[in-house]
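Here Swiss-Prot flags Lys14, Thr173, Asp174, Thr215, Gly216, Gly217, Met218, Ala219, Thr220, Lys221 as ATP binding site. Taken from Swiss-Prot, the feature substrate binding site applies to Ser54, Asp141, Asn153. The domain 'PUA' feature in Swiss-Prot is assigned to 280-358.
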Amino acid sequence: MNSSVQGYRRVVVKLGTSVLTSGSKSLDKAHMVELARQMAGLMKSGVEVVLVTSGAIAAGREHLGYPVLPDTMANKQLLAAVGQSQLILAWSQLFSIYGLHVGQLLLTRADLHDRERYLNARDTLNALLAQGIVPIINENDAVATTEIKVGDNDNLSARAALLCDADLLMLLTDQKGLFDADPRKEPNARLIPEVEHIDDSLRLLAGGSVSGLGTGGMATKLQAADIARRAGVEVIIASGHHPEVIKKAVHREAVGTRFLAIESPLESRKQWILAGPKAKGRLLLDIGAVAAVTCRGRSLLSKGITGVEGQFERGDTLELVSPDGRVVARGMARYQSQALNLIAGKHSDEIEPLLGYDYGDAVVHRNDMVVLEMIGEAK
């Protein structure tokens, strides 16, 4: 694609259940066609669009006549299985009005965890976009269990943005954006128009949606924004009912809260470490190790580990945790958990005598690590 609008050549649009139902129990087809019109307009102007859509369970309930069912995983998966076909049919019909075809990708965390499957999903996305087809992504709720679920479509959309190397991620919701206080409780709450850095004070501002139909609140949107912007993707959180919201966002008009992308984004493999695999365990670090890996770009050595949590194998993804409980980095383990329990707190020259082998001094190498928060001083 050679064309772009305001520098955007590829955009991911995430639509939450509250947007698609307009707060009701049914899909709001009139609003969906308006959103399809805006996305089709982008496609016609040369901007590629990937749609991440919620609403399968709501569509399933509607199609089955709103049955009264126990709130179990099996029944949620039943509704998702019925509703997903209705949801993709609705989108297919709506985009066909504008001469566009759609292609469906149903993903689970397992598709993102495995590097080969991750790359295959990326190839499929790129192939669809190359043919002018709108990829429509949803989590495969009909088969996903707690262990393999991404968990919410906010985080799924961030991972989709990384998969397809998007320039912009729009998280469209039932809120106007991120406020400096809860607008439902504070009438004088003000919209935050632009965010350069995501820190603990900003996370405290993130509240939840009141619709009750979706799984994502403002906190999950902030998580998604943090993932995407680290990969060089700009993010906008805005109301899906704001007039011409998609067009305005792409033309950089004042709408919602815009999160600026980090200027030096992660390379592809580190993007996958950040957003793909589920962390299988945690390494607790002393403050010296935290400063070394976050501020000085060092690999993690066994000496700086004060505790090991979880069971994991060599190559699994881990969270690195500061003494005050903050996750400061993610990285790939060079030793399994059983071995790390033996060498935690030990000097590197003690690894081989203790284990009978060694894979090098680094427990997590800096090339296999993504720093999330800088703590300490660079020296």
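Any Cβ shown, glycine's included, is placed from N, Cα and C.
DSSP gives Lys14 (ATP binding site) a strand state. A separation of roughly 17 Å, to the nearest angstrom, links the Cα atoms of Lys14 (ATP binding site) and Asp141 (substrate binding site). Secondary structure at Ser54 (substrate binding site), taken from DSSP and collapsed to helix, strand or coil, is coil. Comment: substrate site residues Ser54, Asp141, Asn153; largest CA to CA distance 11 Å, whole number. For the binding-site residues Asp141, Asp174, the largest tally of other C-beta atoms within 10 A is found at Asp141. In the three-state DSSP scheme, Asp141 (substrate binding site) falls into the coil class.
Around the Cβ of Lys14 (ATP binding site), 31 further Cβ atoms fall within 10 Å across all displayed protein chains. Nearest to Asn153 (substrate binding site) in space, judged by Cα atoms and limited to the binding-site residues Asp174, Met218, Thr220, is Thr220.
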